[in-house]
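S.K.: To start, I am sharing the structure in question, which I have written as structure tokens.
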């Protein structure tokens, strides 16, 4: 099409040139040019007619392509070619039969040669047997002639000596031996006669088979000659029919040629009409590019407008979808807050060199591009989807993770109990998420830094005291990581004030006031925590670590006291002993870790199924987390998983446990706040401040200050009560 358009453009350019030349010439010149063009056109038409006439003359010796008998002629040619093919096939069959006859003749010659050989062998055998028979007969004849002499000798020697008797016995034994030989020779002669009869029978059978083969060959040869004669006759007949039909067709072609010659004389008016139509088509073709460009321009505009509308619609739908997704998440978080559900965040660590290489180190975890709360796990060839409250991919930073949990951390300042614990298999990155490194700290240190920042922001109205405790549960024993005797075992007891809260007597508390104090506490506690090297993790945590942050606040204006507790728990990783290679004390540690995690699973199952009894006391870990899991705390579980294919079974178990934890409802959380008792002077100062009097006005009665009326006092006391209730 492009080449055609180029040719049309070239023709249009030539036409434009011609029109320009015509515009610049006179009428006479135009008339002359028209006559010259008409003369040239007639000359070309005459040449075309001469060419057609030569073509028709050339076609006198060839079948006309436009002849109505063309199909019949083609059919006859096809029949002729088919008959020729059949003749070729018959010749091929005849050649095959000749080859078969030749093979059978060769085999017959071989059989005759073998028969001659066998007859010669039989003649030799008969000659040999006849010789042996003659020899045997001679031997028998000689033996028949001997006994009379022996009898004569026996008769004559009967009166002779013992030597004669011995010779007589030997002669008798020899005579017996010769008789046995004669019997054997007779038996052999009989067997040879039987073999000779069998050979004669076989010779007769072979001669009969040879005669039968010769008769069959003569019959096959006669049949082939008859078939060849019939095929030759059919071929000659078909050729004669084809020749006669070709003559008839040629006669019809000559008649058609005469008709064509007469038709050529009438083609002149039709040719002029065609020339006129051609000029009209030429003008239409000249105008066609402009029409085509206009149509393409309008079509492009319509398509662009439709595409733009579709894009705008898609953008609007995507915006609405994302807005609805955010609204759904907001409503879901509010519902979780009202129900008291345990929030579950998932974090996937990157593939590391410890995972090795090959198919076992392939990534088995994928994420949803539109929903950051869904991830997919490829386990045993099947893809399993899990929905959590938030999923962090491997490229997520510590800062991004903490931004999602900092709202829970700040609620600790307002008097709420908060618990954040990391769960997952060993080597999944729990300690990194909770503690981090010196250059990139985790949730623990960032939480305390955020608490200090919030406390400094409220320092004008509030007094806060932040204390930190660190403990670990090692082999079902609770140990103080900040105490002087870390090996001393501590116990968990109920508070004596009757609140039902749990506490650990003797647990060391450090008051921290700056980031430097935090770093010292972390360094001191990290040194004493038990870690060992296993096949799955070079620095595997062998205990459950708990960082307990207590925030006590006092509102100086209202006397409101708040107490919030933040429990940051780094659980030891679940592990399969066969893969971790634990032995001895490491094996005992792994057994205690798996037992405590199993007890945590039992507690989650009991809470999820709303059982009357929840087995918190089955493990020190669950007993210590009872406050966080019994509905009096805002709880967040950070499930850590490995994306490696070889860890897909442990990842599947961790994600299933996370979904079970996510469905647990603990109920609404209560705030720990109470009004304290103030000294009288401080009480008066606050009352004066709330009533609008400055402290100096009470000490200067001589400045014309008048006491308020009882109505004013009652209204101001009501205002103070409302402020206290509001702040409470």
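Each residue, glycine too, has its Cβ placed from N, Cα and C.
TrEMBL does not curate its annotations; it predicts them automatically.
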S.K.: Looking at the ranges 651-689, 690-728, which is given as region 'Disordered' in TrEMBL?
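M.R.: The range carrying the region 'Disordered' annotation in TrEMBL is 690-728.
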S.K.: Taking 10 A as the limit, how many CB atoms besides its own sit near the CB of residue 429 (ATP binding site)?
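M.R.: The answer is 23.
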S.K.: In this predicted model, what is the average pLDDT of the coiled coil (2-146)?
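M.R.: Its mean pLDDT is 71.
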